[in-house]
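Listed features, source TrEMBL:
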DOMAIN    44-463  domain 'Major facilitator superfamily (MFS) profile'
TRANSMEM  39-57  transmembrane segment
TRANSMEM  82-101  transmembrane segment
TRANSMEM  113-134  transmembrane segment
TRANSMEM  140-162  transmembrane segment
TRANSMEM  169-188  transmembrane segment
TRANSMEM  200-220  transmembrane segment
TRANSMEM  252-273  transmembrane segment
TRANSMEM  302-323  transmembrane segment
TRANSMEM  335-353  transmembrane segment
TRANSMEM  365-390  transmembrane segment
TRANSMEM  402-420  transmembrane segment
TRANSMEM  440-462  transmembrane segment
Amino acid sequence: AVYMRRHGVIVSFKTEAEGPNGPDAQQHPEEEASGVSRVRAVLIVLTLCYINLLNYMDRFTVAGVLPDIEQYFGIDDGNSGLLQTVFICSYMFLAPFFGYLGDRYNRKYIMSAGILFWSSVTLATCFWLQHFWALLLTRGLVGVGEASYSTIAPTIIADLYIKEKRTNMLSLFYFAIPVGSGLGYIVGSQVSSATKDWHSALRVTPGLGLVAVVLLLFVVQEPKRGAVEARSDMHQTSWLTDLRELSRNCSFILSTLGFTAVAFVTGSLALWAPTFLYRAAVFTGQKPPCVDEAQCSSSDSLIFGIITVITGLLGVASGVQVSRQLRKKTARADPLVCAAGLLLSAPFLYLAIVCAQTSTVATYIFIFLGETFLSMNWAIVADILLYVVVPTRRSTAEALQIVVSHLLGDAGSPSLIGVFSDSLRKTDSFLWQFRSLQISLLLCSFVAVVGGAFFLFTALFIEKDRNRAEKYIPSADEPIVVPKSGRSAHVSVSSVLI
């Protein structure tokens, strides 16, 4: 290693032969830098994709059996919305804690502990869900597992790959979100229908979560933080310093607000769309009303689940491809594609909601188009965060984005839609059960337009913030990491002043 004096501070750099750009690493620089073989890196990404799929399956299984839950507990739309809100709040408030740990300790063990807690507790309690408060408690515990995972997993992928490979792997990772969400609807509705008991639907994913813990422990290997990007001068700063620097990052703040709109819309549709479609079918006389538990199961959850899987795959893939082609013409491609996705989804979601009472086929077509455009954002937003934030702050940035996007997005949107629907309902007739929810869901189109505007503003700052992250040099008043005997030791600036 070579030690240089910078502003009176000793900073170490790897020589060309030692770094990932040296002659020994010309063929596979990422493997050399991260300390993880190519085959193991692929297995790690596939394991993370499986767990991401599992998380979203569990999140939306409840939406697939929501009519059954409402009938079983005799609750209104406002209380139904709490099922999603409680989960999101738990997830949201725990995210900063796991983000702090993820930037400082072994990420594999943090994720394993969180998912093991969620799986074991949820599997044990879902056999005794006789009270609504117990169901709310169980949904809150699910947030522990997702908070431990969602804040950390993308940063592991970022430490394994760079540039186009990173974008491709993130696309694969975020394919699991729509696929898992759709499978949640499908598994929830079909398991409930097969067993004639909605409780059974909630027991599927916790069992699979225990398998995920085994995969994490035996497949995932901790990569070196930031090494794949040849950032040998990286060192950990205090949490307050991280928050201060992130608050000054305009691209991060604005893209987070744009993603908040995505979370608001997807959270609302995720919980209420199958129920809304079922009420529309009841109102138009296409299906009988839900008068007992056996009749509550509906094909709408199955159809909506299939649409979610297909549109998610199309949306994520098309978003990445359009962004990749547009990058050849402008460095602002990513936020522009995100803005276009939201702005194009808004009119189709509006048409899907207003056409529900007249044409079921048209409704599904517009939902298909709206969700496809909405799904264009997932992988791109994650990529934006990773290249405008330095490696040692990425878990904290992920956690902060989760808190903001869920606090202002899907933490409250399901309950807000439910409460709004209850307040608009003049009678308990089938007409007003449908009409009140229909009017409430129109809010999603407005929020999508606002989110598109935030991404347009992001495009104004993206080049400057990306260049600043790539050229970041620790200042003289920050603690320095000096390599010693192959390990990193944190020392104070005063101890290395010349």
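Here the Cβ of each residue, glycine as well, is placed from N, Cα and C on the backbone.
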**Asked** Who are the long-range neighbours of the transmembrane segment (302-323) in its own chain, taking Cβ under 8 Å and residues 6 or more past its ends?
**Response** 64, 167-168, 171, 174-175, 177-179, 181-186, 189-190, 273-274, 277, 333-334, 337-338, 341, 364, 367-368, 371-380
**Positions on the same chain near the transmembrane segment (440-462), where near means CB under 8 A and six or more residues out** = 250-251, 254-255, 257-262, 264-265, 268-269, 272, 276, 331-332, 334-336, 338-343, 345-347, 349-350, 353-354, 374, 384, 388, 416-418, 420-421, 424
**Complete:** Sequence-distant residues near the transmembrane segment (402-420) by C-beta distance (under 8 Å, 6 or more away from its ends) are 76-85, 88-89, 91-93, 95-96, 99, 147, 150-151, 256-257, 259-268, 270-272, 436-437, 439-441, 443
**Prompt:** Between the transmembrane segment (169-188) and the transmembrane segment (365-390), are there three or more C-beta pairs closer than 8 Å, counting only pairs 6 or more apart along the chain?
**Reply:** yes
**Request:** May I ask which of the stretches 82-101, 140-162, 200-220, 335-353 has the most CB pairs under 8 A with the transmembrane segment (252-273)?
**Result:** 335-353
